[in-house]
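Pasting the feature list from Swiss-Prot:
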TRANSMEM  1-21  transmembrane segment
TRANSMEM  47-67  transmembrane segment
TRANSMEM  80-100  transmembrane segment
TRANSMEM  131-151  transmembrane segment
TRANSMEM  180-200  transmembrane segment
TRANSMEM  201-221  transmembrane segment
TRANSMEM  276-296  transmembrane segment
TRANSMEM  306-326  transmembrane segment
TRANSMEM  341-361  transmembrane segment
TRANSMEM  371-391  transmembrane segment
TRANSMEM  403-423  transmembrane segment
TRANSMEM  443-463  transmembrane segment
């Protein structure tokens with residue numbers, strides 16, 4: 001498996017480079033060229049990317065060796081499943097808080113809170129106390145919720161309200177973030193492998209390595225973003241005198257009222273539009289399975305001795321390849337529809353889990369087939385996320401999108417928690433641990449969920465058979481990744 005992992009990484013890295021070069025030749029849009037030529041936009045974009053990419057780097061560093069760390073501390077698989085459930089449950093609980101905190105504390109201050117909470121989360125990994133590790137997972141859930149909302153909220157506010165750049169340029173920045181994000185994920189796996197295995201520092205090393213990145217992120221937010229916020233105070237907020245005349249309790253009440261109204265409006269939008277509900281069902285089914293996969297890939301492969309950091313980088317390279325294939329497939333020469341690519345992604349994911357039910361038979365494991373199945377699943381993820389993002393942009397109203405997506409994430413995390421709890425119960429009941437059939441049964445269940453997701457997609461396109469919103473027309477949509 002050692003040689004197989006390195007060979008897979010080399011092949012996938014070469015494939016990603018070739019696909020990216022081809023995609024850039026075919027998909028450079030006019031809006032991208034205009035934005036690149038604007039020096040003020042470039043300066044603001046770099047200001048945002050410095051801090052945000054450091055935050056993403058710190059997050060990715062913790063991916064390859066989390067399960068390995070808990071096993072290093074001699075916890076059972078059932079105990080580790082509970083730790084993962086605590087992290088997912090905290091994401092559910094803190095998701096509303098993550099949307100409200102920027103209004104209460106301010107966007108920049110909430111980004112600083114993210115850096116602090118995630119740093120403490122990393123420090124807890126030094127402890128072998130189970131309850132301290134649970135606390136770390138709870139803080140990790142809070143940090144993940146803040147990472148996915150607060151940084152982007154600061155950027156969009158500055159882009160639209162302060163600098164008054166065209167809204168069409170926002171996808172240019174987030175397209176760049178997406179491209180960098182995959183590269184950071186691949187690099188994080190390599191660096192984590194270097195420190196944990198080549199230098200012999202153990203599975204806790206990547207978590208400690210993330211702390212300086214979080215500190216650097218906090219420094220950029222304090223210093224450079226602070227200067228930006230001062231500029232906003234001088235030039236950007238013409239309503240400041242009026243706002244200052246109001247008392248603080250009323251402002252806080254208004255923020256709460258806006259938050260709850262957005263939640264109710266999002267739920268009403270979800271229940272009133274069948275297209276939105278079906279798309280939410282697809283997202284809940286597909287992405288909850290991904291959370292289960294994140295838990296299971298390490299115990300499936302680790303007993304056979306692969307370098308986990310290299311395997312992680314290979315998985316992320318497969319996702320990057322899928323994302324680039326999406327850009328190519330929807331570009332002018334091919335014009336494939338995102339809905340068709342979404343169906344393809346779900347079929348690939350189903351086939352991957354179907355393979356895994358046979359490659360993880362107790363007593364007869366086939367780790368190379370399992371690795372291939374995991375790589376196919378990540379390729380499917382690369383196709384899935386931009387396709388779903390396109391459909392969300394077409395069927396969910398812009399003003400309600402954040403609230404609707406928050407409601408999407410609720411069943412997503414609940415399904416993942418139930419899956420991990422079911423695995424915990426089966427492992428605990430059989431006493432077989434990784435040698436039992438719980439993992440195989442879980443993969444079979446995931447395959448069933450993929451079939452349900454496929455039925456939901458078919459229903460979505462049956463409902464919207466003649467709906468132009470579900471189709472890509474004209475020039476390729478800007479910001480698709």
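Note: Cβ is positioned from N, Cα and C throughout, glycine not excepted.
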Who are the long-range neighbours of the transmembrane segment (371-391) in its own chain, taking Cβ under 8 Å and residues 6 or more past its ends?
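Distant contacts of the transmembrane segment (371-391): 1, 4-5, 8, 12, 279, 282-283, 286, 290, 293, 297, 301, 306, 311, 314-316, 318-327, 338-339, 341-342, 344-346, 348-349, 351-353, 355-356, 359, 460, 470, 472, 477, 480-481.
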Based on Cβ pairs under 8 Å, which of the stretches 1-21, 276-296, 443-463 lies most in contact with the transmembrane segment (80-100)?
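Going through each listed stretch, the top one turns out to be 276-296.
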How about long-range neighbours of the transmembrane segment (276-296): same chain, 6 or more residues beyond its ends, C-beta under 8 Å?
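Sequence-distant neighbours of the transmembrane segment (276-296): 67, 80-81, 84, 88, 269-270, 342, 346, 349, 353, 374, 377, 381, 384, 388, 391-392, 395-396, 404, 407-408, 411-416, 419-420, 423, 439, 442-443, 446, 449-450, 452-453, 456-457, 459-460, 463.
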Under 8 angstroms for C-beta pairs, at least 3 of them, ignoring pairs fewer than 6 apart in sequence. Is the transmembrane segment (306-326) in contact with the transmembrane segment (1-21) by that rule?
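The answer is yes, given that the two segments have at least 3 Cβ pairs within the 8 Å cut-off.
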Out of 47-67, 131-151, 180-200, 403-423, 443-463, which stretch touches the transmembrane segment (341-361) the most, going by CB pairs under 8 Å?
443-463
Is it the case that the transmembrane segment (47-67) and the transmembrane segment (403-423) touch, counting contact as three or more CB pairs under 8 Å in which the residues of each pair are 6 or more positions apart?
no
Residues sitting near the transmembrane segment (443-463): Cβ under 8 Å, six or more positions beyond its termini, same chain?
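The answer is 274-275, 278-279, 281-282, 285-286, 288-289, 292-293, 296, 339, 342-343, 346-347, 349-350, 353-354, 356-357, 360, 391, 415, 419, 422, 470.
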Short question: which residues 6 or more past the ends of the transmembrane segment (180-200) have a Cβ under 8 Å from it?
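For the transmembrane segment (180-200), the far contacts come to 13, 49, 53, 56-57, 60-61, 63-65, 68, 206, 209, 307-317, 319-320, 323.
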